[in-house]
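Worksheet for the structure shown next.
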Amino acid sequence: LSGIRSRERPAPFLFLCNFSDFNQTDVAGDGAAVVRIIISIIYSLVCALGLVGNVLVLYLMKSKQVWKKSSINLFVTCLALTDFQFVLTLPFWAVENVLDFTWLFGKAMCKIVSYVTAMNMYASVFFLTAMSVTRYWSLASALKGRRRRPRCCPARCITVLIWIAAVSAALPHAVFSTTVSVSGEDLCLVKFPESDGSAHFWLALYHSQKVLLGFVVPLGIISACYLLLLRSITSKDINTSSAKRRAKVTKSVTIVVLSFFLCWLPNQALTVWGILIKLNVVHFSYEYYTTQVYVFPVSVCLAHSNSCLNPVLYCLMRREFRKAL
């Protein structure tokens, strides 16, 4: 964001700005301060609800030992654990927001919190994708009269692979996250080496990876699985349950896909905009800066809220778990 120097900086959660970008123009932003305070309050609420919801899911899975009984339950348990770890980082981002993105917790915590946030973001999306594939496979098999259920043992191997993929995908945060002084205040940013002048390129490349692995590819797989599932349950060639059950499955599928899409689309769209600026495909504009100040923090908050919705969508809506409560 060349040409900007202001206390109203874009949220550094997705690190679309390098510290050297803030150097020329002062921009007032009283409204942005109000937005940040509101966002911090929402972060606190999402953190509280996410902790309660995900702990409840983990308790039910452990007490009933259902996580051992099927692939989908194992993935639900891992998703709850992932979202639990994710919401633990929200208090740090809430404090950062309310203090105009000033980082108070030191360089080590900047690396840790940034890495844990990114790793669990990837893991959450990967587990959602694995659950969608498993749900399609199990329900489609049942509709076709196959009684064989997915075994939990292969699911454990998939779980290990998902964690390895999430850990690997988030490694740039572990390596390049650091605190940088801007106008006398510390920011927690991902700062790629600038010695060869390619920092913007690597930053854009990394965020392209985040958009593809964290949104586009998972959304494509999830959508494909549920479209195939809907085609299966509405096919005249397959013996299905009652029309009421069809409507219930259709509603569940719609809610799952829309929740993922609506929570993540605004944030990913703004990320793509930033990538295009970093690659000089489009020019930096005041509209982009204003969007970063006012809209970007809201989009991050909306994306975070998905960790609070997941326990409800994937576990607490299930009849057997509601009865257990």
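Placement of Cβ uses the backbone N, Cα and C atoms for every residue, glycine included.
Features reported for this protein in TrEMBL:
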- 53-314: domain 'G-protein coupled receptors family 1 profile' (DOMAIN)
- 37-60: transmembrane segment (TRANSMEM)
- 72-95: transmembrane segment (TRANSMEM)
- 115-137: transmembrane segment (TRANSMEM)
- 158-176: transmembrane segment (TRANSMEM)
- 211-233: transmembrane segment (TRANSMEM)
- 253-276: transmembrane segment (TRANSMEM)
- 296-316: transmembrane segment (TRANSMEM)
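Contact between the transmembrane segment (37-60) and the transmembrane segment (158-176) is not supported: fewer than 3 Cβ pairs lie under 8 Å, counting only residues 6 or more apart in sequence. Non-local neighbours of the transmembrane segment (253-276) in the same chain are 14, 16-17, 128, 132, 204, 207-208, 210-211, 214-216, 218-219, 222-223, 226, 229-230, 282, 288, 291-292, 295-296, 298-300, 302-303, 305-306, 309, 313-314; each lies 6+ residues outside the stretch with a CB under 8 Å from one of its CB atoms. If you look at the transmembrane segment (158-176), the same-chain residues 6 or more away from its ends with a CB under 8 A from one of its CBs are 71, 74-75, 78, 111, 114-115, 117-123, 126-127, 130, 190-192, 206, 209, 213.
Counting residues 6+ beyond its ends, the transmembrane segment (296-316) has Cβ neighbours under 8 Å at 10-11, 13-14, 35-36, 39, 42-43, 46, 49-50, 53-54, 56-57, 60-61, 76, 79-80, 83, 86-87, 90, 93, 97, 124, 128, 131, 255-256, 259-260, 262-264, 266-267, 269-270, 322, 325 in the same chain. Remote same-chain partners of the transmembrane segment (115-137), defined as residues 6 or more beyond its termini with a Cβ less than 8 Å from a stretch Cβ, comprise 13, 71-72, 75-76, 78-79, 82-83, 85-86, 88-89, 93, 150, 155, 158, 162-163, 165-167, 169-170, 173-174, 177, 210, 213-215, 218, 221-222, 225-226, 228-229, 256, 260, 306-307, 310, 314. If you average pLDDT over the domain 'G-protein coupled receptors family 1 profile' (53-314) in this model, you get 83.
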